[in-house]
Structure formats: C-alpha cells, structure tokens
Amino acid sequence: MMEKVTKLALTSRVMVLVVQLLANFATPDHKPDVFRMPQSEGPKKNGPFPWLDELVLQSLSGLRHWDGEYFLHIASNLYTYENTLAFYPLYPVVVRHVAQACQHLGIPLSRDALILLVAVALNVLIFCKTANVLYKLTQRMFNDHNKSWNAALIFCFNPASIFFSAAYSETFFAFASFSLMLECMRSEKDFRTFRLGAALTGCFVCRSNGLLTLGFPLYFLARHILLSTGSVQRCWQLFKMGLAMLVALGILHTYYFYIYRLYCLPDVKVQHAQHVVDYAKERSFLISGQASVGSPWCGYTLPFPYTYVQSHYWDVGFLRYYKWKQLPNFLLALPMLLFMHWHCYDYIRKLVANTWSKISPSEYQGILKEHISFPFVLHAAVLTLVCTLYVHIQVSTRLLASATPVFYWFAADYMPNTFQLSFRSKAGVLFIWCLTYSLVGTVLFSNNYPWT
C-alpha cells in the first residue's frame, strides 16, 4: 500500500508541475509591488552550461512567487532583512545546505538555479513521504484501510496543492507535524525518543504555529502517566519523552538567540553583498548587523521577533484583516473555514454529550482510551479559530491543510468505499472543490496572482 500511496503522491506533484509550466508560458506574469529576491546588477554568474540554468529558471519560475521569494532569499543569503524573520529556518536552511552539497558534487548549474531546483525537488520528495506518514497515522488512529487511502488521496489533491510544490515550507511542516503525531501514538515498546525529538524540533523550527504541536507530547505524556501502572520501564520512557521536549525547546531558543545576536547586539557586524544593501535602502528594510539602528522587539522581556515582524510588516493582529477590501480573500478561505468550524464543533459537541455523565475518578481512564482523537480535533479547532481571528485570512486553507490531519479525516468520512464517486453527492462536491482549488490555484499562483 505504501508504494501505491507514493505513486499517487508523485503523480499529483507531476500534474502540478506540468500545469504551472503550461500556465506560466501561456500567460504573462502579474507584477505586484511585493518583495523580490534581490539580484546582483553585475554579470550573471552562470554555470558551465548557461542554457541549462535558463531551462531550470524558466521551467520552475512559477514556483518561486510570493513567500517563495523570501524562502529562496534566506536560502541564498540567510536572514539579511528584518522582515525575513517571519519565516522560520528549517526549510530554507536545508535547501541551502543541500544546494551547497550539490555544488561540491559538481552539478553544472549556477547557484540561483540550483537553489530553486533543490527547493522544488525537496518538496516533491518530502510530499511523497508525508502522504505515507498520513496514511500510517490514519491507519493507526482508525484501523481502516479505506479511510486511510481516502485521507491520502485528498491530501494529494488538497485545495492548497500548489503550496506543497512551490518554494514554501508547507510540505516540510506537514511532514514534521504528522510524524510527531504518529510517534506520540506509538505504543511504549515501539516508542523512539530520537524520532519524537527530531519531529518536534522540525515543527518548532519550521513554522511559528509549530509551537502548538508541543501539546501532543504533553497530552500523551499526561495520558501515559494517568494510565500507567508505575513500572520502572514506563517511568524511563516518560523521562525520555520529557527530555526530547526539552531538547527541542532548547534548539528553538538557540535559533532565537542567533536572531537576537544578529539584530540586537551592537558588537556584531555583518558583511552584505552590495545588491542586498541597495535593496534594503530602496525598500527601507532594517538590515542585520546594524543594532545601532535598533528594533523595538530587542527590548522586549522575551525578545522574540515574530509577533512584532508580523504586526509591523504585514499588519497581522486580532481582527485587523476584517476590512471590506479583503472580502474576496474571505470568500476564498470560506470553504475551508466553514468545513473545519462545523466538523470540529460537531465532534466536540458529541464528545461532551457522550462523556459528561461519565466524568468521575473511576471512568476517566475509559474516556482517555476511547477518545484518542480528541487532542487532534482540539488542535485543529484552535488553529481554525486563530485563522479566523488573527491571520491574513487567505492563508487559512494552506495553513490548515499542512498543520492538521483532521481536515483529511473529516473529508475522508464523505468518500465512498468504492471508486464509484457521484459528483452530485457530498463526496463529489468535496472532491470538485479540492480539484478546482488545486487547478485554479496552480494557474494563478504560477503567474504571480494572489491565491489562498
């Protein structure tokens, strides 16, 4: 079955790549006044085969727009501008080091072409692995091969599909999140401390909302304690789980200190390429290594830049996006938000109704064993609420599609047990929505138009 899921995932990625290629060549790009990775005005540094560089850059140019420009800039230059601090390091740093390794191996491409190629290739590879992890996670949760397959199917053609192939961190985050959830659900004899720690660290350093995934090991740690019999081996496993969480938090704060050092310590000086400095002056960006200029977040009690950067550069905050001019973006995000709000509410309502009368010291163990999906739905409900109230509403679809398996589980419940899908059924409407958003989103995104 894993081979079948991999083929499905790879097929969906090839389809996205082909559609973006055709759309990018057929339609001229929109040119919004947004961040573009600064390029040197000097002679272009081509590889030994300039035509090969041009082929890669032209063929994949539709996958570098919007936030992709930030990720590629970080992969090439690291955190040179303060506004790049909105993007966490896992994806761009991995791309950077893999591209450097490819250069050392003699791959005949320029640095820019190689970084773009690696960024896309890694996402395709990790996407296939993520589809398999989602299948395993669903199977472990429900023990239903049909539902597991349908969840993987919907994931492969999800409504935010383009963002899982473009130079975005969605694929890496989905892989880290689903892997963490799978590790948390393993039995004690199958528990692997390193895997849990690595997955949790991946969540923390991939996206800001990755911090919410700390709730999973905490929940399952508490669950193990409440259900434990007190054996020495079990206590040792719980200790290792706690240690893995502490190590992951330590690595996250190492990144925070690195950023604080770059932007807040006056004795740190950073040499930048001239075109990077010129672009900063043109856009009035605060550049790293200039602590004398200063930034307000450096003086915070907990000097974490993310909230300040999002508020200052993108006007992100409670209900700030509720403006009439943003109505089209609200309409784009509406299907995902309505779907998630309703199903999370319905699940929690039924859970409360079924367990309210059972809440007692003698019954809590049975409740914990029976409702193992509760932390997953609660996590999804919190994310959906955050999307509705705080973030730029158009990112809701891709944020939820990459952060929680619950969307795919709820959607899989509508799918038939056979391949006979009626487009007039709820399953048909759901699949049409996914395919339409996947297709239209790929066409619009690849031509630099806004998309959800």
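Placement of Cβ uses the backbone N, Cα and C atoms for every residue, glycine included.
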Exercise. For the transmembrane segment entry in Swiss-Prot, name the matching range from 75-95, 285-305, 306-326.
Key: 285-305
Self-check item: Membrane-side pairing of LEU327 with THR397, Swiss-Prot annotation
Solution: yes
Quiz item: Counting by DSSP, what is the helix, strand and coil composition of the topological domain 'Cytoplasmic' (306-327)?
Solution: 13 helix, 0 strand, 9 coil
Exercise. Grab the same-chain neighbours of the transmembrane segment (328-348) for me: Cβ-Cβ under 8 Å, and only residues 6 or more beyond its ends, written as numbers and ranges.
Key: 159, 321, 373, 377-378, 380-381, 384, 387-388, 392-394, 396-397, 400-401, 406-407, 410-411, 433, 437, 450-452
Quiz item: the topological domain 'Cytoplasmic' (1-7): which same-chain residues, six or more beyond its ends, come within Cβ distance under 8 Å?
Solution: 128, 131-132, 135, 145, 149, 152
Practice problem: Count, for each of 8-28, 285-305, 371-391, 427-447, the Cβ pairs lying under 8 Å from the transmembrane segment (210-230), and report the range with the highest count. | Solution: 371-391
Self-check item: Secondary structure content, the topological domain 'Cytoplasmic' (1-7) (per DSSP, counts of residues)
Solution: 6 helix, 0 strand, 1 coil
